[in-house]
Every structure is written in C-alpha cells, then in structure tokens.
Amino acid sequence: MLLQLLFSNTALFALNIIAAFVFFSTGILYFDSAQISKNKRTPLLRCVGFFCLAAVSALASISIESPALALIAQIVKISGLGLILFSLTEEPILSAPGKKHAAVALPIPALFQSLVPLSGVLMALTALTYFRKVEEGLEKQLKPAGVAFLLLSVSELLRMAFFWSDTTSVYWSRFLAKFGPLWYIQHLFEFLGVVVLGAWVWGYIRFRVKLQVFVMTIGMSLVFFLTTTVFFTFMLLRNLENDALQHLKTDVKVLDYAVESLKERTAAQAKTVAQDSGVQTAFNKKDKKGLATLAAGYLSSQRASTLVIASTIGEVMVRAEDTSRTNDNVSTDPIIAAALKGQEAATIEYVPGIAVSEITVKAAVPMLGSGKAAGKVIGVVETGFVVDSTFVDGVKSVTGLDAAVFGKDKRVATTFLAPDGKSRFVGTIETNTNVVQNVLEKGEVYIGAATVLNQPFYTAYAPLKAYDGSITGMLFVGKLQTSLIDTAKRSIDLTFLGSAALIMLSVIPAFFFARFLQEHAEA
C-alpha cells in the first residue's frame, strides 16, 4: 500500500508540476507575442491568465490541505480562466476574405445559474471559443488548444463527484475515494489535456530561440528535480516500511518471550502444588476426595484452566477441572513422561474443537517424596493455562499493536473485533500461503505486508512449539498500514514542498542563462 501511496502521490505531484510548467510556458509564449503585437492587451491578458493557472497547479503540487488555500486557489483559477476567455472573446475571428465576424458573444449570466463548478464551465466555454475560431475562421492551428481545454474541462467537471465521497454505499465510497478509480480517470483527462496543450505550445516555442532555451532549461531542471524527488521519496518510504517490519519482528519476539515466561510461571505453580504437604499426604493415602478438594482450591487460586495429579504409572488420581474423570492414563503425554523421569517440562498444546479451539500452556513437574522416599518421584503434577483474549488484549494495551494467537492456522485468540464491537474473529483461518509455509512448515519468523481480514497490515508471525519441537501454532502482531501512511504522507508533503520551491526558483537562473546565450549568439 505504501508503494501505491508513493506512485499515486508522486504521479499527482509530477502531473501538477508539469501542468504548471506547460501553463507557464504558454504564458511566456503570449508574453513574448505581446512584445511584437500592436494590440498588446489581448496577449497580455491571456499571459496573466495562464500564469494564474500555473500558480494554481504549482500550489496543488504541494498538497497542503487547507480550506483557506483551496478557496484562494479556486478564486485564482477562475480569475485566470476568466482572463483567458475574455481575451478570446474580445479578439475578432480571423475570417476568410469576404467574411466578417464580430467578437464571440457568450451567455455569461447563465454561468452563475449552473450547478457545475464555475472553473469547469469556464474551461468548457474556452474550449468552445477555440473551436468556433477554428470552424468559422482561418485559425485551424488553435484546434489543439480547444481539445486541451475540452479535456481539462472534463477533468474539472469530474471533480464534482468527489463531493459525494462520504456516501454510505461501500461501492460508491471506494469508487469516489482518493486514489480510487474515478480519481485516476479524472487525472487521466487532466494529463491528456496538459500533454495536448504542451505539444501545441512547443510547436510555437521551437521557432523562437530565446524562448526555446528558456523553456528547455526549466524543463531540464524539472526533470532533474522530479527524478531526485521520486528517488528520495522511494528510499524514504522503503526505509519507513523496513523500520516498521523490523520493529514488528522485535515485538513478536517479545511476545514469544512472554509465552516462555508464562511457561515458567505455570511450572512454578505446578511445583507449588507438588510441594504442598497436604497434597502429598492425601496423595500417599490415595485420598482422592481430599486430593480433589485441595486441587480445586489451587485451580481457583492460581486461575488455572487445568490441574492434573497422576501416579508414577501415569494414572490420574485427580483432575481438578473435572473430578469425574479419573483413573485414565496420561503417561504418553510427553511432559508428564519427562516429569516421571524427574525433569520439569513445559509445552504449548493445541486443542482443536468443533465450536471452540484452544492453545494451552502446560507444565509438568515431579512430585518428590519425603522421609524414606526422599528425592524419589512418587507422582506428577501438571497445570495449564488457556491463552485467551486477556493475553492478547494485554499485548495491545502495552504496544498498541493488534495481536493474535493461532492453533495451527486457526485464530484462537485475537484483538480483532467483529462489526458488533463485542464478538471476536476467532475460528478464522490464516490463508496467506507465505505465512503458512514459512511459519507452520519451516518454523521461521515471518515479516511482511499482508491483508488481514480484508485490511492492509504490516505483520510479524512467530511459531509456537510443543515440548517435542513440533509446531502447534503461531503468534501474530500487526500494525495497520494506514497508521504508517499518515507518517509517510507528512514526509512526502515536505519533500514535495521543497522540490516545488526549488523548481520555481530555477526559473530565475534559467531566464538569465537564456538571455546570456541569446546575447552571445547575436554578438
């Protein structure tokens, strides 16, 4: 999405700068014409009009979102178009011999009753005026100018649609959004209009040496500054993106460390139960009722989700969360098998379910005897905690990042809320094949841009591994790309502001350079 932002903003900046350059060149052409024309007023009015359009385009390239500046720009644009149109209407049509035409009459009062923006109407009327001069007079060379203003008027009138971009319709909202389909169509018409006008103006400038040198010097400066701006902006966005991804990589490792800490806490709580003298006494007497009472107390006080006490052969003496389930054998459980050998062990277990699936952190410790059996393993205690929304909510409150825990490729806990604002998007499947291959199959940390639940995110995933090294799930942290875009846009705007200022300042040395070359050529 950042690359789309780079492309769209840079394309818009380039279009506005090129438009300013073309309008400025057109104004210079008419200024030069005024120097040799008997009627200086008409070309000078047209010159000022095109200079106004150039100023508006240059201001638009800076992308400063200010209602006051937008209003001033619109007034300047309408004033410039008004001057161009007025200069065209007061200039008689160059007729063929035997024909006479008065100045073009326009229904100006009707403009103010129109619902379309005045600037769009003025551009359309300017195009029609050029076409009338072409059709009824001998000024066929003005046809490209008419086509250019017609294309620009279509672009200006399409801008009206953006007033309805706040519609409740998702389809129309996307269609009318900035950088949406209509935005590209509107700027395509503007680009075509600028190209046609620029080609028409160059057809005159190339026969005037001083103007040609002046415009070419500015053009080369324009190409240089645009190239450096695009390169600098691309590097800036790439660095911002890389920094964001590296931070996320660190964050997901911190999250993995939090899970490891949870394992240690679980093991410590299991050890507390195993070392309880009351538990050992009830265990040695095989007092399942008393053992169940003690286990239930620990289950509640430790806020655990499971607590199992088993014998040396793995037979369950008590299961605190379900006292009716006893006498089953759990010796095949890897961490219980390790505990029966005198080792502490912890794991992350995925428990798939039809309605609800869970990721549970479990730890098993040996219960050591006392007296004559001191140091010998007489049983095993296993405790476990379900990783739920409380865990990921804690991550978000500290880091501000969205987080999720996966059992295999299924979300079992997440900060993502459904549209009702209460239920969560648990049970949804991770469909990104790159994530599945790198994290679940290869056991690697994955970072990259991805679409999560139809939203663009910068993401980091890390594998969750069981005691035996098998991958049971994933950890996820993500940051909306739009949050980084706000930062990037401010940087881009400042870059464009500096480039636009340098481009405009390059006009001064270009003028003196052109004059210097002309003086030496004449000498």
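Start at 1 and count along the chain as shown; that gives each residue its number.
Each Cβ is built from the backbone N, Cα and C atoms, and glycine gets one as well.
In TrEMBL this protein carries:
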TRANSMEM  12-31  transmembrane segment
TRANSMEM  43-62  transmembrane segment
TRANSMEM  68-89  transmembrane segment
TRANSMEM  101-125  transmembrane segment
TRANSMEM  145-164  transmembrane segment
TRANSMEM  184-205  transmembrane segment
TRANSMEM  211-237  transmembrane segment
DOMAIN    388-488  domain 'Single cache'
TRANSMEM  494-517  transmembrane segment
Top Cβ-contact partner of the transmembrane segment (184-205) among 12-31, 43-62, 145-164, 211-237 (pairs under 8 Å): 145-164
Residues of the parent chain within Cβ reach of the transmembrane segment (43-62), under 8 Å, 6 or more residues beyond its termini: 12-13, 16-17, 19-21, 23-24, 26-28, 30-31, 33-34, 37, 69, 73, 76-77, 79-84, 86-88, 493, 496-497, 500, 504
Same-chain residues near the transmembrane segment (68-89), Cβ under 8 Å, at least 6 residues beyond its ends: 41-43, 45-46, 48-53, 55-56, 59-60, 103-106, 118-119, 122-123, 125-126, 129-130, 133
Residues from the same chain, set at least six apart from the ends of the transmembrane segment (12-31), whose C-beta lies under 8 A from its own: 43-44, 46-51, 53-55, 57-58, 60-61, 63, 187, 190-191, 194, 197-198, 201-202, 204-205, 211, 214-215, 218-219, 222, 226, 229-230, 496, 499-500, 503, 507
For the domain 'Single cache' (388-488), the mean pLDDT of the predicted model: 89
The domain 'Single cache' (388-488), counted residue by residue under DSSP: helix, strand, coil: 28 helix, 42 strand, 31 coil
